[in-house]
Amino acid sequence: MNGLAMLAFSTLISTGGNQCSSAAVAGGKICPPSTLRVAFFYISLYMVAVAQGGHKPCVQAFGADQFDPSDPEESVSRSSFFNWWYFGMCGGTAVTLVFLSYVQDNIGWGLGFGIPCVVMACALAVFLLGTRTYRYYVSGSKKGVVARAGEALAAWRNRAKSIPLLPPASQECHPTATSAPEFSTGVEEDEQVVGKAGLVEQAKGIVRLFPIWATCLIYAVALAQSSTFFTKQAGTLDRRIGDHIQVPPAALQSFISITIVAIIPVYDRVIVPVARRYTGVPSGITMLQRIGAGMVLSLVSMVIAALVETRRLRAARDAGLVDKAGVPVPMSLWWMVPQYVLFGAADVFTMVGLQEFFYDQVPDKLRSLGLALYLSIFGVGSFISSALVSGIDRATAARGGSWFSNNLNRAHLDYFYWLIAALSALELLAYGYFAVTFKYKNKNKGALLATSTSC
């Protein structure tokens with residue numbers, strides 16, 4: 001919220017004095033921003049990024065912790081929670097892209113950043129109102145999740161040197177089993193084993209997820225194009241609706257959110273109950289099956305994007321606009337809608353599936369870390385996308401024609417989309433192998449450890 005407030009305030013800081021502003025208007029030049037304005041802008045961006053990194057994994061884990069996985073009804077509700085969580089997130093995104101993009105382009109960036117700040121303040125107030133009704137997860141350990149994860153990985157690395165610890169003499173045998181504690185926090189207790197053995201198990205629980213993590217990175221690379229090159233393409237097309245309305249290129253991203261908002265209720269209320277009758281799985285299909293289905297849709301979306309870009313380039317050549325980058329290509333903006341819609345459908349499966357998977361399959365007390373791993377897929381995927389673009393740009397520019405020329409009519413984004421589609425196909429094969437061989441976490445492990453009486 002503070003970061004958004006600073007963003008809004010940065011738009012009010014002078015760009016460099018009245019003389020500079022007058023010269024800009026008269027000469028048609030853009031005045032460089034003042035040092036103070038640049039500092040405010042970047043500090044606020046980093047504040048928003050840091051806040052999102054801490055907020056997203058923790059608040060989502062906290063929400064899912066409100067459901068008891070040992071209760072059949074609440075277990076089903078917890079699976080639905082991830083659907084409706086993403087529904088709310090994308091509903092907000094759709095409003096933002098349609099409404100705020102118009103405000104920012106036609107009224108001002110100050111109001112465009114100020115509105116989200118006010119909305120965040122209201123959201124914080126609503127969250128605090130529910131404080132007395134939440135279930136809380138009380139941990140016996142005073143160490144944070146990062147410290148626990150570090151200890152677990154260190155213990156796993158040194159597991160060959162570790163010696164199993166014998167229980168103290170006073171606790172060697174118990175005539176009766178100790179029952180597992182009653183659910184009071186929304187999380188099963190699976191860490192009754194204390195010491196190095198328990199830490200090694202936690203480390204294994206994290207490390208075994210990395211093949212799934214790694215084989216989802218190309219999905220993140222493909223998704224990154226929807227907010228970058230897709231938008232740049234849209235800016236070259238005929239974006240008119242009637243005689244007076246021109247659609248902002250970024251507004252096309254709203255079709256992803258609109259598709260998600262439209263599909264999730266159908267998926268949760270129709271597809272899941274029907275699938276549950278045949279599979280017996282509370283969520284209809286398994287988490288890994290859901291992720292894989294979304295990856296297939298993402299692959300199809302990239303193929304369609306490549307075909308649409310090929311048609312756009314042909315339309316530019318036929319109209320003699322190859323060297324006229326500022327003139328709209330005589331091709332309707334709506335040609336790009338299918339690829340956005342398919343990405344929205346892919347997100348319903350893969351994004352929500354990944355959220356549930358990385359929450360459910362990590363050791364119980366490291367669930368925030370699990371959701372942080374899920375978010376890191378898209379951070380690392382964006383870096384991979386940038387590295388691919390930079391490398392391909394240097395290689396193709398050296399041959400005389402960059403795939404990413406500033407004049408998109410001379411670029412070859414279609415080749416780049418075909419490359420991502422090919423990488424997605426290879427990724428899907430690798431993912432299929434690891435998904436088939438993956439063994440889901442034993443839900444009853446905590447209860448078994450709690451009732452163990454071996455000496």
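Note that Cβ sites are derived from N, Cα and C of the backbone, with glycine treated the same way.
What TrEMBL says about a protein is an automatic prediction, not a curated fact.
Noted in TrEMBL for the protein shown:
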type: TRANSMEM; residues: 84-103; note: transmembrane segment
type: TRANSMEM; residues: 109-129; note: transmembrane segment
type: TRANSMEM; residues: 209-230; note: transmembrane segment
type: TRANSMEM; residues: 250-267; note: transmembrane segment
type: TRANSMEM; residues: 288-308; note: transmembrane segment
type: TRANSMEM; residues: 340-359; note: transmembrane segment
type: TRANSMEM; residues: 371-392; note: transmembrane segment
type: TRANSMEM; residues: 415-436; note: transmembrane segment
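Distant neighbours of the transmembrane segment (340-359): 60-61, 64, 79, 82-83, 85-86, 90, 209, 212, 216, 219, 223, 226, 230, 252-253, 255-260, 263-264, 267, 283, 287-288, 290-291, 293-295, 297-298, 300-301, 304, 367, 370-371, 373-374, 377; these residues of the same chain sit at least 6 beyond its ends, with a Cβ under 8 Å from one of its Cβ atoms. Long-range neighbours of the transmembrane segment (84-103) within the same chain, counting only residues 6 or more positions beyond its ends whose Cβ lies under 8 Å from a Cβ of the stretch, are 60, 63, 111-112, 115-116, 248, 250-251, 253-254, 256-258, 260-261, 264-265, 268, 344, 347-348, 351-352, 355.
Counted as Cβ pairs under 8 Å, contacts with the transmembrane segment (371-392) are highest for 415-436 among 109-129, 250-267, 288-308, 415-436. Listed as Cβ neighbours of the transmembrane segment (209-230) (distance under 8 Å, sequence separation of 6 or more from its ends, same chain) are residues 252-253, 256, 288, 291, 294-295, 298-299, 301-302, 305, 336, 339-340, 343, 346-347, 350, 354, 357-358, 361-362, 370, 373, 376-378, 380-382, 384-385, 388, 413, 416-417, 420, 423-424, 426-427, 430-431, 434-435, 438.
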